[in-house]
Structures are given as structure tokens and as C-alpha cells.
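*Asks:* When I checked TrEMBL for this same protein, it listed these features:
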| type | residues | note |
| --- | --- | --- |
| TRANSMEM | 18-39 | transmembrane segment |
| TRANSMEM | 45-64 | transmembrane segment |
| REGION | 68-87 | region 'Disordered' |
């Protein structure tokens, strides 16, 4: 990193914080709903929680990869609309 660019911009930091907060909130809702059921045991909460964590990690990896690829583009192409699958 160059001294002119000390770190991520405040906008990017804020969007990352919101993204992480939404993922954690979703996992908490999953756990609360599972525990609210009268006949559920702790063992039955583990599998959905692990699946939720796995999906949150997969989404996080996809977002980070997309941001990395977008930052690698030249500035003229960086903000161009995505055209979907290439021909």
C-alpha cells in the first residue's frame, strides 16, 4: 500500500460492517427460532447453525472475490454495468 492510500475508504468500511451485521443477525434469528420450538434439543440446533455459518462464509468469500476482481480492473471499466455471461 502506498502512503497516499492508508486503507479502505469509509464508505467501503461501512458497507462491510453492515454486511457482517446482517449475516450475524440472520444467524441469531435462526438460532432463536430453533430454540423457540418446544421439542427441540441442543443437538438439533447445531446442524442448522453450522449450515448457516457455512452459507454466511460462502457469501462473504463471493463478495470479497468480486470486490478484488473489480478493484483489479482499470478505472474506466470499474464502474461499468455488468453484462452477465460473456459470449
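Just so you know, glycine gets a Cβ as well, placed from its N, Cα and C.
Remember, it's a predicted structure, so these values are computed and weren't measured experimentally.
Are these features on the surface or tucked inside, and what are their neighbours?
*Replies:* Residues 45, 48-49, 52-53, 56, 59-60, 63 of the same chain lie 6+ residues outside the transmembrane segment (18-39) yet bring a C-beta within less than 8 angstroms of a C-beta in it.
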*Asks:* Let me spell it out: take the transmembrane segment (45-64), skip the flanking residues so only those 6+ beyond its ends count, and list any with a Cβ under 8 Å from a Cβ in it.
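*Replies:* Sequence-distant neighbours of the transmembrane segment (45-64): 19, 23, 26-27, 30-31, 34-35.
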